[in-house]
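If you look up TrEMBL, you'll see 326 marked as active site, proton donor. Positions annotated as domain 'Orn/DAP/Arg decarboxylase 2 N-terminal' by TrEMBL: 39-262. What TrEMBL records for 52 is N6-(pyridoxal phosphate)lysine.
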Ligand SMILES: *Cc1c(COP(=O)(O)O)cnc(C)c1O
């Protein structure tokens, strides 16, 4: 028995050697760890990871190794996994609507931080969670700057948040506030508005919040030339929190998913056919790892790699890209510029695919089988 090679230099080395027939997710632990340190060094408070964006155990282990000490969990399965992989980490149960048995499970697992956005769900928490735990009131503002609106599902209005914060404090829980500006939020001013609203909620309630969770929403690099301005957002959050709370802000927390994990994975999907020199059919699509593209828009950092590992470099021409299933919504948004010399058997390598990809991959129509390969670098 020889040693099998398990860490590859980069995606094209793997593609050249393995000629995979299923989609491949390339994971670069070095990229994940350096992004984690960027958050830890730059964010003016505690950095937690929103597990749902990519619950791969290797992701959790690398985040722990990089120094991440808290996780935003939304279900008993996520709680069980974090308790197992990161037993000393804090868990924030920030799914504001939970079944009673889910709350009881969280209590039994030692979770002492919950979010809430309604009186009915707060009543459930008060009945089941021992006093002394932290309850963060989740509030929302009309959306700005994000790829899609999280406030459509969760978050109390400012008025209701004022009432909820009072009830939390009156019942002997640690009162805190939380919000989520919406995912892939490229406008730092969204945080500005939320931070000032948080201070207003505290003033109106007459309650001093212990902590203020500024959510996820940190953008990843989706489009060529548009680098995410994480440090600018961190600086704005620190400065505006100080201003809004007159120099005495609550302890800050953030819970990025996408911003932490997206850049550490690239996806390779193979061209099954170029139909009559027109439509490109891939072995992955919107029921697989590309599921969120119709919602958040195309990623235009796509490299086309031939089976021998070389890059296609023909002039760009627009193509319709379909996934492998028989459903006509299984199509990437718009026309996608691809090199004109693309051929059947080539691989499309999509950068920045670590968030909301493997997590929502389905087996629809018998597709969805995939592998994860670890690489030193994601440069092709
Ligand atoms: C999904 C989610 C996040 C992570 O959002 P990103 O946009 O991926 O950073 C953070 N907090 C909560 C409560 C969430 O539901």
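Every residue, even glycine, has its Cβ placed from backbone N, Cα and C.
Here the C-alpha separation of residue 326 (active site, proton donor) and the residue listed as 'N6-(pyridoxal phosphate)lysine' works out to 28 Å. The Cβ neighbour count for residue 326 (active site, proton donor), using a 10 Å radius and every protein chain shown, is 8. In three-state terms derived from DSSP, residue 326 (active site, proton donor) belongs to neither a helical nor a strand segment and is classed as coil. For the residue listed as 'N6-(pyridoxal phosphate)lysine', the same-chain residues that are 6 or more apart in sequence and have a Cβ closer than 8 Å to its Cβ are 72, 74, 78, 257, 359.
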